[in-house]
């Protein structure tokens, strides 16, 4: 045979997970995706995070010094804003999974994000930071103008919308660059989520040190412009990688498919569910949805199996067999089951998010009432989050290099701990952080010489509580990303990542309600309450201990939910979907 004939028939190996290149052709394994694309997306995410924290980490101080809000009002406004950031992630996930795809969703929301940062920088420059350089430790700003405040809230919520819509899509888009059917790429896909969280913290390192220092001294405008520049550079890097990315087709509105399962199940309320092999499933790819792999039947939530039960009435009417509001496939039913089974686990993560959000509000306010001078150097209270970042970086390395090999030998699981076990460890460490924060507050109050003066206790006493929060993030949030992304069905993949962000969102809203309830119940005519304007006359320690107690209750509920949980399995034995071991 002529060698040139053989050569002409050779076709470059393509991926087997259904991913495509930008032209809609099967993605060539060697020419697309993998770490080349993933590293570009990690750099993009790091810069976006740098921009976000350049605004967010010191925003509570901006509200107090520039907009003249008191402690409780500023803390609640930060919680509202942060919560809104993450609730917008559900919108981004919906558009990504249903219509736009992950690439387009990331690009559009990044443009909104950059625009919001530019408006914030301009509003602060021309309307809010007056006189120039005010808002430092001792420099008081003029009362803000109504147009300035309006532009401030418009821009910050544009930032929230842009960042929130972008986040779940970028996490999933990054993992899309690895074909899980290939053993080597499958291992890289698992590692990606750790590096994704590493990029988040490396990106915020500059913001939490250099930018916070300059903003704390009154250079707010410079800090916001640097953030806008970082976000613009991130968008450019994202677009540069366009030719190499791997893509998945959006699979249509998942809400319709979910509704069809419930409607079909209720219409057959009295139907008897047959044996598993008799439930309805189509041969080959379902023509109604593209790019969704079949899921094997599970025995949980059996009532929904009625939606895939073929009744005698449908046997005799082919048109009824084709009606998705009467008869659904096993895969469609299992999609709904999967979401319902993940919800209890997700709900248990909300209390942890309440704990986590204190780092951006009450931890900063607590630190501001301590001795922030280290020798002749003033250390901004918001910069204490540096120790959270350093803890995250250290524990990611410790976990991957030390704990995984040790636990793999002990448990037989090559990942060391399952995602559910990691999340449980995160809950325990988060609870410990609240206990430590409460003890530090007790010591801070003991060293208050005058009610209107900061405590003599050094702000460095906060290092352990920040470090514990950082350690808990490595276990909780990285575990969450792996769990929800790995367990989410193909048609709602970005929704799985959005659940992590929505957990943080609801945690912020719960924090608002909790702070408001505690303030209302503990304050009176002669009682300043636990969280007054002047923390020296309050009992912030009791609030921290309350959060620790709530975390303990939440941990007990979480363990019960994790033991009950059973993961889904793909038809064909997809390793990624094997049920994770119980906690």
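Here the Cβ of each residue, glycine as well, is placed from N, Cα and C on the backbone.
Residues annotated as region 'Disordered' in TrEMBL: 1-23.
According to TrEMBL, the transmembrane segment annotation covers 35-63 (among others). Under 8 Å from some Cβ of the transmembrane segment (35-63) lie the Cβ atoms of residues 69, 73-75, 77-78, 81-82, 110, 113, 117, 120, 135, 156, 159, 163, 166, 170, 173-174, 177-178, 188, 192, 195-196, 199-204, 206-208, 211-212, 215-216, 220, 223-224, 226-228, 230-231, 233-235, 237-238, 240-241, 244-246, 360-361, 364-365, 368, 380-382, 385, all in the same chain and six or more residues away from its ends.
Positions annotated as transmembrane segment by TrEMBL: 84-101 (among others). Sequence-distant neighbours of the transmembrane segment (84-101) (same chain, 6+ residues past either end, Cβ-Cβ under 8 Å): 108-109, 157, 159-161, 163-169, 172, 247-255, 491-495, 497-498, 501-506, 508.
Here TrEMBL flags 107-128 (among others) as transmembrane segment.
As annotated by TrEMBL, transmembrane segment applies to 195-214 (among others).
According to TrEMBL, the feature transmembrane segment maps to 220-240 (among others). Within the same chain, residues 40-41, 43-48, 50-52, 54-55, 58, 62, 66, 106-107, 110-111, 113-114, 117-118, 120-121, 124-125, 128-129, 132, 135, 207, 211-212, 214 sit at least 6 positions outside the transmembrane segment (220-240) and bring their C-beta atoms closer than 8 Å to a C-beta of that stretch.
Per TrEMBL, the feature transmembrane segment maps to 343-364 (among others). Sequence-distant contacts of the transmembrane segment (343-364) (same chain, at least 6 residues past either end, Cβ-Cβ under 8 Å): 56-57, 59-61, 74-75, 78-79, 82, 381-382, 384-385, 388, 420, 423, 426-427, 430-431, 433-434, 437, 462, 465-466, 469, 472-473, 476, 480, 483-484, 499, 502-508, 510-511, 514, 531, 540, 543-544, 547, 550-551, 554, 557-558, 561-562, 564-565.
For 376-399 (among others), the entry in TrEMBL reads transmembrane segment. Beyond its flanks by at least six residues, the transmembrane segment (376-399) meets 57-58, 60-61, 137, 194, 197-198, 201-202, 204-205, 208-209, 212-213, 215-216, 359-360, 363-368, 370, 416, 459, 462-463, 466-471, 473-475, 478 of its own chain at Cβ-Cβ distances under 8 Å.
Positions annotated as transmembrane segment by TrEMBL: 420-439 (among others). Cβ atoms under 8 Å from those of the transmembrane segment (420-439) belong to residues 345, 348-349, 352, 355-356, 358, 363, 366, 462, 464-465, 468-469, 471-480, 482-483, 541-542, 544-545, 547-548, 551-552, 554-555, 558-559, 562, 565, 580-583 of the same chain, restricted to positions at least 6 beyond its ends.
Under the heading transmembrane segment, TrEMBL lists 499-523 (among others).
Annotated transmembrane segment per TrEMBL: 543-568 (among others), in sequence order.
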>> What residues elsewhere in the chain lie close to the transmembrane segment (107-128), defined as a C-beta under 8 angstroms and at least 6 residues from its ends?
In response: 48, 51, 55, 66-67, 92, 100, 141, 144-145, 147-149, 151-152, 154-166, 169, 220-221, 224-225, 227-228, 231-232, 234-235, 238-239
> Near the transmembrane segment (195-214), which residues from the same chain, at least 6 beyond its ends, have a CB less than 8 A from one of its CBs?
Replying inline: 38, 42-43, 45-54, 57-58, 171, 174, 222-223, 226-227, 380, 382-383, 385-386, 389, 392-393, 396, 473-474, 477-478, 481
